[in-house]
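Visitor: Annotations per TrEMBL:
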- 6-24: transmembrane segment (TRANSMEM)
- 45-66: transmembrane segment (TRANSMEM)
- 72-91: transmembrane segment (TRANSMEM)
- 100-118: transmembrane segment (TRANSMEM)
- 138-156: transmembrane segment (TRANSMEM)
- 163-184: transmembrane segment (TRANSMEM)
- 204-223: transmembrane segment (TRANSMEM)
- 235-255: transmembrane segment (TRANSMEM)
- 261-284: transmembrane segment (TRANSMEM)
- 305-338: region 'Disordered' (REGION)
- 309-320: compositional bias 'Basic and acidic residues' (COMPBIAS)
- 328-338: compositional bias 'Polar residues' (COMPBIAS)
């Protein structure tokens, strides 16, 4: 139970740091655009925001080593709620009724997730990961995922079917691989640090590390393409729902996190997910729809007052897994400054 609580605290703290980072970057972009001076990346304050984002993502990465993946992924809604509060209090942005309702729903969903999620997860070791990789349920799941991914990629690239659901499903399928690999790497590192057994001597550790990096890179690639075609207010809730669902399914099938969990706990967990989904949907979807043909760097995850000043394009970065949904959320607020 202590390890479980530690994982929750690390995940919540990491998401809170990310929300602070996003608003610091937002403030820096607005200030620099108003002054019309040097580029945003020359500001020390902007780099402080980047440092906080890195610490937050590192916290999310570490949290996978202490708590089930099916719990850590939905807790991403904490950054949405915290960013909304910070932007209203410190950036003096408009507080809407949908923000209050969405925040209430997301907080209620978070409470249900923490209460009814699996409270224990097996220690992730190299031997355990090797066994899971050859288990029949994972092989069947992976086969279906590969087939579905190929079909969607064919429709997207060859048939030019540029529907938002197709693009976000590609991201979600990659996200499930990311979650599996991230938890494997984080869990093996945690076991090594604890001193129970050295995991870095097993080849599977490096295999999962490479898979993690590649899947993260392609997630960001497809997210950037989605931002060029669709409005961020559409992408934010869809990506959060798809990412969370893929993470939960990956945790169930690969790590058997719901094994032995009662039906009532499973139903309450699903109810918590639905409430969190609804909260993020209300906070993100009611922003003014603004389309753009470029992707901008993270500026926050809640609506802001419109500005007519110039903004500066994104300097692309690559971060791990839950970072992907953050990058999507970030872009929407930057667009509103156009």
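Backbone N, Cα and C define each Cβ position, glycine as well.
No curator has checked TrEMBL annotations; they are predicted automatically.
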Visitor: I'm a bit unsure how to read this: which one of 6-24, 45-66, 100-118, 138-156, 261-284 has the highest number of Cβ pairs shorter than 8 Å with the transmembrane segment (235-255)?
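Guide: Out of the listed stretches, 261-284 contacts the transmembrane segment (235-255) most.
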Visitor: Quick one: find which recorded stretch in 45-66, 72-91, 100-118, 138-156, 261-284 has the most Cβ pairs under 8 Å with the transmembrane segment (6-24).
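Guide: Counting Cβ pairs under 8 Å, the winner is 45-66.
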Visitor: Sort out the residues at least 6 away from either end of the transmembrane segment (72-91), same chain, that have Cβ-Cβ distances under 8 Å to it, and list them.
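Guide: Distant Cβ neighbours of the transmembrane segment (72-91) are 7-8, 11-12, 15-16, 18-20, 22-23, 26-27, 56, 60, 63-64, 99, 102-103, 106-107, 109-110, 113, 179, 240, 243-244, 247-248, 251, 272-273, 276, 279-280, 283-284, 300-302, 304, 322, 325-326, 329.
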